[in-house]
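Let me begin by presenting the structure, written as structure tokens, before commenting on it.
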Amino acid sequence: MGAVLGLCSAAQLACCCGSAACSLCCSACPSCANSTSTRLMYTLMLLLMTVVACITLAPGLHDVMKKVPFCENSTGIIPGNIKFDCDQAVGYLAVYRICFATCLFFILMMLLTMGVKSSKDPRAGIQNGFWGIKYLIVIAGIIGAFFIPEGQFASTWMVFGMIGGFCFIIIQLILIIDFAHSWAERWVSNYEESQSKGWYAALVLGMLVCYALTITGITLLFVFYTKPDGCDLSKFFISINLILMVIASVVSILPSVQEHQPGSGLLQSSVVSLYVMYLTWSALSNSAGECNASISATNETSFDKESVIGLIIWVCSVLYSCIRTASSSSKITMSGHILAKKEGLIDNEEGDGGEAGDSEEKVYDNEAEDTAYSWSFFHFVFAMATLYVMMTLTNWYNPSSQLSKQNVASMWIKITSSWLCVGLYIWTLVAPALLPDREFN
């Protein structure tokens, strides 16, 4: 499925050039919905900008990057009156500017597509076409951002980045809950249809692997981020999140929950627990003091393990939100899934008018009557995703190689996100039982 969607997106991009070779590429492309190919094109744009941002952090480009306009005779002061030299932080500052331009583009698209109900709207062309112009706008925006004087730009933009990163963590949680419910329902359905013990064993194995990774992670956090005679705050964070994971797991198998949510279970809880453990680790990696094992083990201007894992989860979330479609065979009666559907993170439907009709049309319009997802909210999600990846690439801190990863604000944002994650997941389980008169299907 992913390969077919990838071919469709590539063909749509190739068709922008209008040559005979591109026409041949388009004719060889399998048919797909316009809503799907459009999201893939925006995803490709976001991933390309992320790759460019990663390249600017390459150690071999440091001397070259010092010649960029914003670093000429530029020094700044970050909160706390700590001076830093732009030359020593040029990679981080470049990431900030690349993500600044990309984020503004998605915000502009969000405003332009607000209130669109179908592809018959005159603004549909802006959403689904003009790809060459869109890429040129983003490139021009990045070039222009490199001429923004440093001053307080990075310190100010960091605040927006932390807020946007927090928002995307919550969005990412909704996607992870939806993925966990979809995964469990698919495998349970396969088991019920085939009565094969293989599917049942796979369910149990998947649950055990996730819980094993979670327990291992919690153990390592206690080993590397706490000390017997101190680190009380770190101990509190790890302990309270461990307790919350246990509570969520118990709630998922309560008889009253199972009565209203027969599809809930320990597999979903294990996936959420693993994600909460990652958020706890990420929060502790930004904690201050000698309890932070990441400070001495990491060069602040390089990618560390936490950043790499964060990027992997981010890429998976973006791709999942892009290609996930809901059909009559994969409807889930979970609040997290419904919330993702309503907010436009996944399709409302496979698409009215989704049949190709014309065999010559490889990217067909499936939104003539109604949009398959909220266009404006989609761009809002991608704007927040841009800010999240910016903060991840810069270790959630103001860009300066002279500074460590210590950032109390980032630590509290991440640990609060972990509590919201557990709370939201538990709500998806108990909401149907607490509000029996409401429809959650």
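The backbone N, Cα and C atoms fix where each Cβ goes, glycine too.
In TrEMBL this protein carries:
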type: SIGNAL; residues: 1-22; note: signal peptide
type: TRANSMEM; residues: 41-61; note: transmembrane segment
type: TRANSMEM; residues: 89-112; note: transmembrane segment
type: TRANSMEM; residues: 132-149; note: transmembrane segment
type: TRANSMEM; residues: 156-179; note: transmembrane segment
type: TRANSMEM; residues: 199-224; note: transmembrane segment
type: TRANSMEM; residues: 236-257; note: transmembrane segment
type: TRANSMEM; residues: 308-326; note: transmembrane segment
type: TRANSMEM; residues: 372-391; note: transmembrane segment
type: TRANSMEM; residues: 411-435; note: transmembrane segment
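Ranking 41-61, 89-112, 156-179, 199-224, 236-257 by CB pairs under 8 A with the transmembrane segment (372-391) puts 156-179 at the top. Panel annotation: around the transmembrane segment (236-257), residues 214, 218, 221-222, 225-226, 264-266, 268-270, 272-273, 276-277, 280, 283-284, 415, 418-419, 422, 425-426, 429-430, 433 of the same chain, lying at least six beyond its termini, place a Cβ under 8 Å from a Cβ of the stretch. Long-range contacts of the transmembrane segment (199-224) within the same chain, counting only residues at least 6 positions beyond its ends with a Cβ under 8 Å from a Cβ of the stretch, are 183-184, 187-188, 190-191, 234-235, 238, 242, 245, 265-267, 270-271, 273-274, 277-278, 280-281, 284, 293. Between the transmembrane segment (156-179) and the transmembrane segment (41-61), the number of CB pairs under 8 angstroms, six or more residues apart, is fewer than three, so the stretches are not in contact.
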